[in-house]
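Notes follow the structure.
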């Protein structure tokens, strides 16, 4: 039985740091594990310009513990009024690594998101020419579409037509949750990749609803049927290099999750690697973990892999029920459960 696992230091290709006290409280959890992270721009107000992106990056860097090497990779929040010149300028000058497309009102702080994706095709053409990645929250928001069908409908209505129209555009299909998304990514050209979260590998929709409402298992996109979870597991542990790690770690204070209208988001950062590794061990795929966590993402983004390594050891430990941060009390994914691996 393997007792330790050493891999190149991984990256998180999708997460939320928030801002202010919460940001300062959660950045260290990510920085201790990952060398880089794609940081979501859905603040209030959102990160829509190069100047805002540069300022947010400095705030994040100020929250990184002394002596820790961590690089935030910033994203621009796309709106119906996005200035393509500023966007591309931010990319070419190293402020932005990618741009983020939120359909309006699809998730937390997305009210300023895009209402007409096709109207932004000229912006996407500019991005494709520059080699800039488009990160997409792939859900429709129409009131007549069942919440469990939002991703499937988005593929048919928006993602497939966009890819057909601009096949040179690199698209990161973020936090995929369905076998439909897996099939789309596998069938598309190499400019389509996808991140998979730990929660969507561990839980199906029963985890939100059985035994009472479970608010700390509620995120967007919501977890789906068991058949979809199994398809995601297969993609992560034995699929092509198009799939890579992205936690979608999204901290909210405990009391805002446990309320009459609880916030969407799972705080996966504190035990992210241990959570993913549990899945790879269950699928007898420990030898595939480094590719998913450390190699596939850099290859998709055209960035070098990290030179450093990290080691996880088989040391069972209990995840605390909550964590006290500068931003308040937050409940981590796997709270109250035992994990078999621990980062040294």
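The backbone N, Cα and C atoms fix where each Cβ goes, glycine too.
Values in this document were obtained by computation on a predicted structure and should not be read as measured data.
Of the residues 42, 189, 191, Swiss-Prot places 42 in the same substrate site as 16, 17, 18, 137, 220, 252, 264.
Summary of the site annotation: Swiss-Prot records Zn(2+) 1 binding at 14, 16, 248. Screening the candidates 100, 152, 329 against this entry identifies 100 as the one listed for that site. Between the candidates 93, 163, 175, Swiss-Prot assigns the Zn(2+) 2 site shared with 100, 137 to 175. Of the listed binding-site residues 220, 264, the Cβ environment within 10 Å is emptiest of other Cβ atoms at 264. Under DSSP, residue 100 (Zn(2+) 1 binding site) is assigned to a strand (E or B) in the three-state scheme. Around the Cβ of residue 16 (Zn(2+) 1 binding site), a 10 Å sphere holds 26 further Cβ atoms from the protein chains shown. Comparing the binding-site residues 18, 175, 252 on other C-beta atoms within 10 angstroms of each C-beta gives the minimum for 18. Within 10 Å of the Cα of residue 42 (substrate binding site), the following binding-site residues from the list 14, 16, 100, 175, 248 place their own Cα: 16, 100.
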